[in-house]
Amino acid sequence: MSKPLTIAMPKGRIFEEAAELMRNAGYDIGSGAEESRRLILEFPEQNINVMMAKPMDVVTYVEYGAADIGIAGKDVLLEQDRDVYEVLDLKISPCYIAVAGLPDQPLSRIAPKIATKYPKVASDYYREQGEQIEIIPLNGSIELAPLIGLSDRIVDIVSSGRTLKENGLVEYEKITDITSRLIVNPVSYRTKSDRIDPLIEKMGEQVGVSS
Amino acid sequence: MAKKLMFEKPLGMRDTLPFFYNKKENVRTRLTNAIESFGYQFMDTPLLEYHETVGKVSATLDQQLFKLLDQQGHTLVLRPDMTAPIARVAASQLKEDAFPLRLAYDGSVFRAQQSEAGKPAQFEQVGTELIGDHSSYGDAEVIALLIESLKQTGLEEFVITVGHIGFVRSLFEEVLPQNNEAVETLLEYLYRKNYVGYKSYVASLSISEEAKNSLTALLRLRGSDAVFEEARALAKCQAGLKAMNELKQLHRTLEQYGVASYVQFDLNLISHMDYYTGILFEGYAPNVGALLCNGGRYDALLPSFELNASATGFAVHVERLVEALNGSTEIRKSAVCVIVDDQTFSEGVDKANLLRSENKRVVIQHADQVANLTAFLKKYEEVIDMTGKGATGDE
């Protein structure tokens, strides 16, 4: 038998949706994954190995070929600019990246400070706006930054907008829509196309994209 | 700046230790032998070139160039590839030669890495350039030679994916006449391997449904030569048909070379934004997560050195090839060790010279200089103890 197809799946919030999509496409790889603490799950009857990875790291595993394919958020793809094929919009866990801040607060005239988990996305966006900014990289609770005067604006993921609202922040501009994507390692895309092409096709049918 | 630790090297630079050096040497010899057997002649060029000449026309992105200034204040670059320097030579010192030229190289190239410390900034390429042959026979010769060279190294499983930039461009330009921006955007999406972005950009264009369908149909044109038929139906203009004829001719020729089973086609393959002008290809091996080799036709490069000639070639990434072979190359046998002391030294020299004349590699080691003789002798496949003290490696 050929070597198993390795799939990097994001742990946490996205996992259930992603696993259901895979299941509907005929790849039953969800069972037992969430309860177990094991990081590699084997499904020998389907000749598939599943790696449970942090969502931010899925792209890395796929780029280096540790996983053949993976499911990753577009936010990570935009931020990390990795050499992988982005083959399918799975349309799951929809949200968007937006600029937010305290209401009625004009942007500072000299090098506005922008707090964000997405330094590249933020600086690319402001460069396009012709604005020179200073990035303040944070890892979480980004909403805190404008409240305590650390930054003028934040650039962050918005899904319901509740966190912003509860902290008295308003959305200024939407930067881009985000959904999860099916990604493929460039070498696997060529050397395992007999297994990966049908998978892309079946997944595509699930999300209403004919290839 | 933080003080450098004594073992540190600049970002992306690596040492080549003896065991890896031997493996590389082995792979390199097999590659170069195969290339020479096709009548290609090896040459070398300087490590440093002017940014103004070679740096600017090279396929490597400007931010990846290592730059420095010479005494006169000219910007120099460490050569980022061998193709541009060889084009410079072909267009100057070799321009009176009878073309086509068949040249080959083996050398280190340098590309600065910005984001990752793990990726090498210096790596070895073995490659060829066929200059002055613009036919599909030329393209096929280069691909057949690439496949033959890889096979000679002992690599069994690999795929060469072939595309044609002329086909892609002609399709885009036909569907989007006088819309250069849209053409470039589509090419950029393909280059970035972003099919999702490509499709949504196509959907957003204000063109007919039929035109949109032919743009998305491009993404399906992958696989065996069976895709040619659908591709031909898409290509309506002269340039597109010409490209398809070239691919067909290439496929036929590769069959005649007997290497077609290693080749697949992918008509949306874009290896570089604006370097290649015709057939282009990339090679992959299953257990290496990155590109093993690539190449293609670059007819615009020589004209930038004021020589009107077409060219095609390939480059193999030697370190990645060694990785792909994963130890299956034979490792050179370790040497013989002759252990001597003051009394037996002269005898030891004679013995060593005798063995060397039999093509063996021989170390003469004075017993006093080795602290742990057992550990030391493990490195050698054969030990000859002249001292008679029983230093054979057993305790």
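Backbone N, Cα and C atoms are what each Cβ position is placed from, and that goes for glycine too.
The domain 'Aminoacyl-transfer RNA synthetases class-II family profile' annotation in TrEMBL covers B:25-325. The feature L-histidine binding site is assigned by TrEMBL to B:ASP81, B:MET82, B:THR83, B:ARG111, B:GLN125, B:GLU129, B:TYR275, B:TYR276.
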| said: Return the residues near B:MET82 (L-histidine binding site) by Cβ distance under 8 Å, restricted to its own chain and a separation of at least 6 in sequence. | reply: B:THR45, B:TYR105, B:GLY107, B:VAL109, B:GLN125, B:GLY127, B:ALA315
| Given the binding-site residues B:THR83, B:GLN125, which one's Cβ is surrounded by the fewest other Cβ atoms within 10 Å? | B:GLN125
| message | I need the least crowded one of these binding-site residues (B:TYR275, B:TYR276), counting other C-beta atoms within 10 angstroms of each C-beta. | response | B:TYR275
| query | In which DSSP state, out of helix, strand and coil, do we find B:TYR275 (L-histidine binding site)? | reply | coil
| query | Average pLDDT across the domain 'Aminoacyl-transfer RNA synthetases class-II family profile' (B:25-325)? | reply | 93
| request: Would you count the other C-beta atoms found within 10 angstroms of the C-beta of B:ARG111 (L-histidine binding site) for me? | output: 21
| Of all the Cα pairs drawn from B:ASP81, B:MET82, B:THR83, B:ARG111, B:GLN125, B:GLU129, B:TYR275, B:TYR276, the residues the record ties to L-histidine, which distance is largest, in Å? | 20
| message | My understanding is the cutoff is Cβ-Cβ under 8 Å with a sequence separation of 6 or more in the same chain; which residues meet that for B:ASP81 (L-histidine binding site)? | response | B:SER58, B:ALA59, B:THR60, B:VAL109, B:GLN125, B:ALA315
| Protein Cβ atoms within 10 Å of B:GLU129 (L-histidine binding site), excluding its own | 28
